[in-house]
Amino acid sequence: MFNLEQIKSWVDADVARYVDFSLVKWLVTEDGELDERLLPLLLSVSYNASLGQVCIDLDKWLQHPSGFLQFDEEGQFETLLMAEQLNGWASTLSKQDLVVALEKSNAVATGTTDEIAAQSSPLVFVQEEASSFLYLRRYWRAEQIIVNGIADRLDRATSVSERDIRDWLTALFGQVSQVDDTDWQRVACGIAASNHFSIITGGPGTGKTTTVLRLLALLQGQRLVNGLSPLAIRLAAPTGKAAARLNESIAANLTRLDLPEVGHVNPDALKQVIPTQVTTLHRLLKPKPNSRQFIHNQSNPLLADIVVVDEASMIDIEMMASLFEGIEPDTRVILLGDKDQLASVEAGYVLGDLCRGAAEGQYTSHTAQWVEDVVGEKIAPDYIDESGSKLNQAVCMLRRSYRFVEGGVIHQLASLVNETQRGSQVSPKLPRLKEIFALSLKRAPNGPALQYLEQTQFPEAPINPGVKGLLVKGYGGFLDQVAAMPNLDAGVEAFDEWGKRVLEHHVDFQLLVATRQGEWGVAAMNEKIEQLLLSSGKLRSVAGLWYLGRPVMVTQNDYSVDLMNGDVGISLLYPVNGALKQRVIFSDGKGGVRWVLPSRLQSVETVFAMTVHKSQGSEFTHTAMLLPSRHSNILTKELIYTGITRSKKHFTLISGDDQVLEASMNQQVERSSGLSLYIH
Ligand SMILES: Nc1ncnc2c1ncn2[C@@H]1O[C@H](COP(=O)(O)OP(=O)(O)OP(=O)(O)O)[C@@H](O)[C@H]1O
């Protein structure tokens with residue numbers, strides 16, 4: 001058994017944070033009679049919340065409790081011994097012992113959902129079906145808000161008639177093809193039109209934006225045809241960058257969208273009522289100053305008939321709960337996103353959890369019949385499962401990429417990474433991976449779409465010549481634009497145009513890295529790249545914070561300058577009162593630029609190297625990803641997939657060891673949650 005002092009010695013050895021220990025200590029004081037056998041478990045709950053875990057699965061914890069704390073299992077003897085002691089002790093416990101101790105504790109709420117909600121204890125223990133989860137109350141509450149928000153909407157009948165759905169689908173998609181495979185975009189449109197909550201998921205370029213525009217045309221069109229007022233529609237994304245990207249893509253798609261004349265509805269009038277303005281989720285819900293709360297909440301909901309949220313994989317559990325709390329009960333919610341991308345940095349894996357059956361379809365034969373009758377598409381038997389939940393019936397996965405030419409090597413690579421491992425058998429992906437890279441080299445009219453570069457990574461290792469060449473050429477493109485600065489007397493328009501060109505070329509190339517720390521993490525790589533670009537003449541100086549051409553990423557939302565976490569700007573010069581002054585240029589998200597005083601930027605960091613996490617919601621013409629030469633828990637297939645799918649045309653993998661790559665492709669993000677348990 002472990003007492004508080006021993007738990008403290010673990011924290012002294014860095015297996016968890018002091019704040020986790022403080023919580024355990026506080027719980028002991030609050031409870032008065034807390035069973036000491038719970039101490040390691042409570043420390044794990046608090047520490048794992050900081051790693052993005054919403055709750056702890058008691059069965060998994062009992063099997064290997066040291067895996068829930070940061071014991072360096074290959075490292076020091078001292079921590080190794082602690083881990084062994086913990087695991088050995090846990091093997092003598094029965095689950096029942098812990099359940100009884102949890103149920104007895106005043107710090108832990110148990111019972112029915114209503115009983116738990118009526119208590120105020122800081123922890124919540126839930127036993128549902130075969131699962132036993134221990135939560136921090138705030139995450140349990142957030143999960144319940146999401147569960148209720150979705151379940152209520154799934155039970156709500158929509159006012160759109162089947163006839164309207166059928167007519168508009170024919171008008172928007174044409175007659176159903178009798179020869180082609182299932183048109184999942186059409187199915188998604190039909191499913192989302194008939195549900196108050198729906199998810200359209202799919203990889204890059206599978207047509208999520210295209211489909212949602214048609215869906216909005218359908219929903220607005222049927223209102224206009226029936227002589228009703230248009231719906232109030234709001235579009236949002238979790239970050240400023242994702243919002244700006246959707247803004248651009250919605251506007252471009254809408255211009256191209258060939259709308260039919262249906263009834264007396266004029267296509268131009270219909271386009272007028274489809275919004276193109278995309279905002280961040282924060283701005284949509286309006287944050288209260290100096291607080292984590294929003295102005296739009298249960299007592300003051302946002303007035304909207306439909307809320308569409310893109311890049312939903314980046315939404316953490318508390319933000320998703322704020323969304324459901326901040327809208328009216330009958331607001332229709334449509335989530336778009338790629339379920340296979342990395343989970344949010346904060347707690348939860350909401351889109352992944354909600355899309356658990358998406359790849360398999362899991363439509364009941366009732367849904368399949370409805371799709372055939374109303375949408376006109378046939379759903380193949382492989383996608384039919386009578387035990388599919390209500391939620392499964394409202395989720396649609398788009399399966400064909402229109403961006404990478406079908407069969408394109410980047411698409412093939414992403415699909416290979418994404419293949420789920422069956423059972424515990426690790427499938428040998430490496431030989432197939434090598435084949436795909438070799439294929440890319442053969443078909444390389446404009447440079448290979450895929451490239452593999454070796455990089456040895458011991459601490460003092462130099463950057464290999466191949467990688468050097470890649471970085472200088474990659475960043476040289478935008479830095480050549482930086483060097484082409486107009487003369488002082490050219491006027492502000494010339495500087496705006498110059499800044500725009502720099503920003504456009506900045507997305508030509510980006511190096512992604514898996515980790516922040518270490519010799520080959522973000523900070524170290526930024527310094528190495530600065531020196532490399534300096535010695536190659538692409539950068540003239542790296543002296544001072546705001547040298548010419550420094551790319552920076554905003555790391556925290558800053559409403560005072562209207563910049564969001566993830567926004568990227570470049571340090572340039574701008575004419576002010578006849579002299580050139582340091583300014584940082586950002587896109588304004590509407591095709592223009594904004595020049596911001598460096599002193600107004602509170603939280604920024606250099607971004608020659610960017611973490612894969614931070615790259616979510618962005619795309620680059622050429623993406624390079626540097627993988628560490630030692631495998632670790634953070635290297636998962638979701639991380640590799642996210643890195644690869646940031647590339648529009650070229651992807652370079654930089655690694656010192658292809659075993660690490662294979663191990664990463666076979667490791668999945670594991671986050672426990674009750675979301676899929678509760679929504680039936
Ligand atoms: N059914 C289709 N037939 C032909 N082209 C299509 C079809 N659907 C989408 N496209 C084209 O494929 C490209 C990607 O589509 P879209 O932007 O809608 O995908 P997306 O899933 O929203 O992409 P992402 O979120 O990765 O940016 C666009 O150029 C679009 O015009």
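Glycine too: its Cβ is placed from the backbone N, Cα and C atoms.
Curation plays no part in TrEMBL annotations; they are all automatic predictions.
Summarising the annotation, TrEMBL assigns ATP binding site to Gly202, Gly203, Pro204, Gly205, Thr206, Gly207, Lys208, Thr209. Per TrEMBL, domain 'RecBCD enzyme subunit RecD N-terminal' is recorded for 15-128. The domain 'UvrD-like helicase C-terminal' feature in TrEMBL is assigned to 607-654.
Taking the mean position of the Cβ atoms of Gly202, Gly203, Pro204, Gly205, Thr206, Gly207, Lys208, Thr209 as the ATP site, the remaining same-chain residues with a Cβ inside 8 Å of that point are Asp338, Leu398, Ser401, Tyr402, Arg403.
Applying DSSP to the domain 'RecBCD enzyme subunit RecD N-terminal' (15-128) sorts its residues as follows: 70 helix, 11 strand, 33 coil. Here the domain 'UvrD-like helicase C-terminal' (607-654) has, by DSSP, the following mix of helix, strand and coil residues: 11 helix, 18 strand, 19 coil. For Gly205 (ATP binding site), the Cβ neighbour count at a 10 Å cut-off comes to 19, with all displayed protein chains included. Put plainly, the binding-site residues Gly202, Pro204 were compared by Cβ crowding within 10 Å, and the winner is Gly202.
Around the Cβ of Lys208 (ATP binding site), the number of neighbouring Cβ atoms within 10 Å comes to 23. In the three-state DSSP scheme, Pro204 (ATP binding site) is classed as coil. All protein chains included, Thr206 (ATP binding site) registers 22 other Cβ atoms within 10 Å of its own Cβ.
Around Thr209 (ATP binding site), taking its Cβ as the centre, 21 other Cβ atoms fall within 10 Å, counting all chains.
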